Amino acid sequence: METCNCIVVLFLAMCLQDTSASLNVLNIRPYGTARITSPSYPDQYPRNLDITWAIQTVDHWRIHVIASSFHLESCCDWLAGGDSTDSNNLTTETFRSLGRFAGPEALSDGPAMWLRFRTDGSFSYSGFCVWAISVPAARSVHFNCTFEDGMCGWAQSRDDDSDWSLNSGGTTSSNTGPSTDSTRGDASGVYVYYEATGGGAGDTAVLLSPVMHSIAGFCFGFSYNMYGDTMGTLNVYQVPFNGNISEGEIIFTRSGQQTTAATWLSERICLRNVETRFKIALQAERGSNYKPDIAIDDLSAEDFSTPILLWDPNTIFPPLGGISHAVAGNDQTYICQVPRLQDPASLKWTVDWQEVTATRNSSLQDDSGLYTSTSILTLPAADIHQGQIVQCYAQTDDHGLLSTTVMTHVKVPPSQTSLSLYGSSGALAARVSLVEGEPYSFLCTVRQTRPAATIRWLLDENDQRTDPPPSGDRDTLMDTTSSWTLVPSRANHGQRVKCAASTAESQSPLPSVTATLDVTGPPDSPTISGLQSVTENERIQLRCQARRGYPDDWELVWSDEGSTLAGSLTTAISTSGSRFTFTSMLNFELSREDDGRVINCTARRRGSSQRVTASLGPINVHYHPYLSEPVAPGPVWEGDDVILSCSADANPKPANFIIWEKVGSFASLPSVYSDGTSTLTLLNISREQAGPYRCRGDNGVPPLVHSSHINLTVRFKPYPPLDVSIQQGRITTESLTVKWTPGSEGGEKQWFYVSYSETGYTGDSVSAIRSVKLYNVSEYTLVGLRPDTEYEVEVYAENANGASEAVKTLGTTLRPLVTTCLYLVGIGALTLLLFISTVINLTQCYRSKNTRQKPSKKETQPQSVSERKAGTRVSSRVVEDMTSYENVAIPMQTVRARVVDPVESTYHDTSDCQATISRDQLIFVRELNQGAFFKLLLARAKGIERSGVVTPVALKTVKDETDQKERQNLIWELKSMKSLTRHSNIVQLLGYCIEKAYENSPKVFCVLGIHLSAT
């Protein structure tokens, strides 16, 4: 179906609808009008239409429909109308019009009417213009009331203390109230009254009328009875619609007794210039006792005159006329009407006192037999001018000559030709050139409007500012101006500046004048694309692009810290909105010195100070480690702590990307990494650790790199000789032969010294007799000795780095033969003493076992025991510096204990079998003491607290053959030593006990450890 524009003018409102089947709802206030036209009127209406209008007004008013122009196809296109708003209910239809004639005229039965317009697909014509007018009903049925059939349209108010009641005959109280009604005059007639019995003085009862309508004047009458010696007050109010009695105005009042029981008084009240909608309220106010009954009867209402009514599309005029507002360029329609006539009236028009022909005259008779005469006058726009006098007068049989007059006030809204737009250089053309960031002022002028115009500034249809019209004379033609300043940006390029002008009468679209903006300025901030993270010596390409610059002669320049780089020529491509996109390329190769470099791209234009710049960076250049040359340490002696350091410049620098290794070994050494530097610490270095070292760098960027070698040479003294002993078979009265096994010479040539002295000698050891340097020998014979004398013999090795510790042994020369018997006797005695001593020692040991099974509260420190082996003595010394025993280290076979996660805890919070020490963590230094079932050793332990730290510990072992009780005693001893942590030289107690012996170490079952301090 074809679409159409359906135009409905309602109080100068226009409803535009693009529909071929639609419903339009119109609400009209009393005496209001609506102009209804066919789509495209007065041009031909579209085909295949089905449009419905539902017209409504207030209760007790009617819709009067009258056509001022009508031309439809005579066979198939029609306009119908009926009561209510349901156009599908054909029983309510009151007319159906088609063809070409004066058009329909109809009056609704109630406050609603529908119109329906249908066309077929054949011919179409100019259509119709129909006026709908809200007029009052012919009579006030609900106001008029004799109360014979109830309360009619009257209702009890809630804004009171009591109610009015229906009654006939006398009231229930004696000596008050009427004895009959006013209508019939006998006891059967009904009236309404206020019963005072039961109330209090000053109580009120209010009765409200239905809503009344009037435009000229209103009269109503009623009868009342006020009989009683303590009578109260009767008040009559005019109350606003939707208001209460406190907002009303008293129009009648009476107090005290006014009648007898058999008499009624009548009253007629007329109101002028009343509100269009209002109510009447009857209020009874109680007197001092039960006798003031007040009664009302025979209520009636009517308009006190028959007015002549005149409308234009905007206003209903009082009989004395007024000002009619016309709009220049539009036709103006007037409607003149005289209602409620016994006979039709003759209506005529004059314009500036010259009679003109009406567009249409009609008279319509309602169901009460009264006529409403109507005349319509439409003046063409060309015939309308300011100050024009329009008069309608009616000749009636009932009221003679009636007339009303209006003066035309022509409003002149802005038109397209009345607007002009100016810039700083004068009148603007369709396009205007602006410089980005520089303010530009526009001036808009609207000429010859009545009243002055409102000017709106828009930018691409978005409101920027609205200037209201200046105050002043509204009856003369006025020129209006407004200015607006814009600071243009790139976003404004191609936008339209619009100046639109309007008055209250202007219709959309509003007249306007526009100019398109050409904003000269740099492009948006450039964007640089390309890799920001690259590998050293990799060739990359960067792309710089800047959008929306204008005009097309901007160039892109590459730079780096103030230096210009050679990029490609700038290309410009036109984009939407007539602005341009600029592009330039930059190719270059990056080295590690370019790491952190920032590349700039600047858009500039010759002769312009405007520039925009983008930056890429800092560029992240990845490169493999560049290792520093490690510095070899000075002379290193065995037992020293050696620190090796290696640094590297690299990107990235992941954790531990620098590691140390010994040349020839694939295993990395434990080192400490911090901020590009790796430190290797070799504590208590041994001769086995000598050799070439280097650091290795690997940060994930190939290739893997190594530093130059550091050759670590460990200087050390020779080991002490082993198995030093006196050869018993070669002892004489004057000589002793000492034999030994050479220890490790440490890689350098060694020699030996043998010195001796008598055991009773207390002088300086330097004064002892020493041999010459002995090369490549393992025994030496001491001669010139005294017989039967014990000698202390010392053997030690020496090389270029120093001397080893001396190993001592004892030997006694043979006595002369004459004393041999005496020696034999002495030996026997000594043997007997030795046997007795052994028995006593075993007895004490047995008692000691029993005592440990039941430990007493008081603990005793075990005593050290020095034992001698036959023919050999090892010196027992107390040494302050523990490092002096490192040269006698005895590496043991590695036996791995169960792995325990590293913990930082003291022995106090560690279970007995948890804090284990693996055998491969121990280096035994020397023996401290020895007993029948144990040895007390000094050892160094690695990894007890943290990796890479060697900790001195004292260890106590028991032999595998020790019985279970002895083992339990050792566990008890381990627990009881927890209190020793308060000793100043004891840092921590360590120990473990396991249920089975270590593999390859059947001699050790349980270990008790004391972590010693450095002192």
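Heads up, the Cβ atoms here are built off N, Cα and C, so glycines get one too.
Note: TrEMBL annotation is automatic and uncurated.
Not measured: the values here are computed from a predicted model.
What TrEMBL records for 856-870 is compositional bias 'Basic and acidic residues'.
As annotated by TrEMBL, domain 'Ig-like' applies to 313-408 (among others).
According to TrEMBL, the feature domain 'Ig-like' maps to 414-516 (among others).
According to DSSP, the domain 'Ig-like' (526-617) comprises 6 helix, 52 strand, 34 coil. TrEMBL lists 526-617 (among others) with the feature domain 'Ig-like'.
For 625-711 (among others), the entry in TrEMBL reads domain 'Ig-like'.
Note on the domain 'Fibronectin type-III' (720-817): DSSP counts are 7 helix, 44 strand, 47 coil. The domain 'Fibronectin type-III' annotation in TrEMBL covers 720-817.
The feature domain 'Protein kinase' is assigned by TrEMBL to 922-1015.
Away from its own ends, the region 'Disordered' (163-183) comes close to residues 146-148, 150-151, 156, 189-197, 205, 207, 223, 225, 227-229, 231, 259, 261-262, 264, 266, 282, 284, 290-293, 295-298 of its chain (Cβ-Cβ under 8 Å, at least six residues beyond either end). The region 'Disordered' annotation in TrEMBL covers 163-183 (among others).
According to TrEMBL, the feature region 'Disordered' maps to 850-876 (among others).
The feature signal peptide is assigned by TrEMBL to 1-21.
What TrEMBL lists as transmembrane segment is 822-842.
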Please list, for the domain 'Ig-like' (313-408), how many residues fall into helix, strand and coil according to DSSP. 3 helix, 59 strand, 34 coil
Looking at the domain 'Ig-like' (625-711) alone, can you tell me the average pLDDT? 90
